[in-house]
Structure formats: C-alpha cells, structure tokens
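J.: I'd like to ask some things about the structure below.
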C-alpha cells in the first residue's frame, strides 16, 4: 500500500539540496518537505545544547507538516542531535554518519580515511567512532573546515577564496596519505571539482548523501511507506527566502518551488 506523505529533510542551508537531489534521483515518486535553518547557520560553531534545541524545533515543525520520516541532511546535526531526538519522537529518522562510514570503508583501499567536516562534527568524534566501530584498524584523519559553509552560502563556490580555504584544509589530509575523503558536510559536494583537482585521482571522494538515500529507500520499502504518486515538494527557510532561492538556482540543476519563510518555534 502506497504512502503519499512527504519525507522531511533539514539542514542549516543549501547543503541539504545535495541530499534532496539523491532522493529525487532514487525515489522519484516521493514528496519532500525541506527546511533550511538559514537564520541560524552555520551549525558548525554551535554547542551540542544549541543544536539539540534547534533540531527539536525543526522536527516538531516537520511533524506538523505530516512527514512520514525525517532525514538529517546535515552532518553536524547527525553527529550531535540525532540520537537524542530519536528518543523523543516516534517518527523514523536517518542521519548521515553511519551511511557515510560504511561507504568510506567500502571505497578505501588501505584504510586511510580523511574526514573534512565542520568544527562541531570533528569535535564530536562521531565519524571516527562510526568508522572504528566497523573497522577498528582503520586510520582516521579529521580536519575541521570552518570557513567552507559560510563561503558556499555566500555563493563563493569557485573563487580564489574558496581555493585558498580548501588548500589550507586539505593539505594536512593529503600529507597524511589518505586514500578516501568523506564529505563530512552536505555543503561540500558543491566544491567537489576543486577538491578532486587538489587531492588527485588517487583519493576516492565519498558523499554520504548517496548512501543515506539508499538506506532511506530500504527503510521505506521495509515499512511499506513508499509513495507511488506525482511528487509535490515544499521548501521552508527560517531566514531570507529570496537569498536562499537565488543560491539554490545556482547550485541545484532543476527548478525548485520558491522558499517560504517560517518560524518553527
């Protein structure tokens, strides 16, 4: 039996569009309610208590929209607030860390895995723990990249400033001899061409969005929640909708509905 209720998806900004793109590709009949907490970005400098409080408000807002599950399209929230919020609400929730860890280990030839992420994600140690739980002998090298999300949210995708920031953050990982690099933030795939050029062909780039959407498809199938209808997407933001729309048009290949500003309090 088909379930036409939408999938809830949230991030601090446009990063979650990389997850939305994978859902549209793999689950073309699913409707999506996307919430971008642009008023509070970046999430990478928030405390765990702040991230849990923000996530709680967003989950309640998404539930009020009638979602059947929630995908944390934000690595920072996935690493810090997912487990807490899973205990508070009965709706199925998926995060990026476990999926990303599994895909990284599958992609790695020598078990030398780099993580490029926000400061909060790196500080949490959640990615390293997820990888080590699956493969204790893996060597994990984490690098915080606090300037990347603000650059991307400002539209600085292929500028000298973005290149300089990436050079600063990626050099230690390159010198460590990693063979696999996890995009530990959903914003980072927008910088994939620059990252690939700097790291070279010997380093596999891992986008956890691909893996988490595969897990989402399996979850919906197992629970009988797959849709079989024409999708209807909605986008909400906590900040300026016009700024979000302008940037989304640059970054997302297909037309999106205009963002609507809401206060999820």
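All residue numbers here begin at 1 and follow the chain in the order shown.
Heads up, the Cβ atoms here are built off N, Cα and C, so glycines get one too.
Straight from TrEMBL, here's the annotation block:
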BINDING   11, 12, 43, 44, 75, 76, 186, 187  substrate binding site
ACT_SITE  74  active site, proton donor/acceptor
ACT_SITE  185  active site, proton donor/acceptor
J.: For the substrate site (11, 12, 43, 44, 75, 76, 186, 187), what does the 8 A shell look like? I mean other same-chain residues with CB within 8 A of the CB centroid.
T.: 13, 15, 41, 42, 74, 77, 118, 121, 149, 185
J.: How many whole Å apart are the CA atoms of residue 44 (substrate binding site) and residue 185 (active site, proton donor/acceptor)?
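T.: Between the Cα atoms of residue 44 (substrate binding site) and residue 185 (active site, proton donor/acceptor), the distance comes to 9 Å.
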J.: According to DSSP, collapsed to three classes, what secondary structure does residue 74 (active site, proton donor/acceptor) have?
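T.: It is coil.
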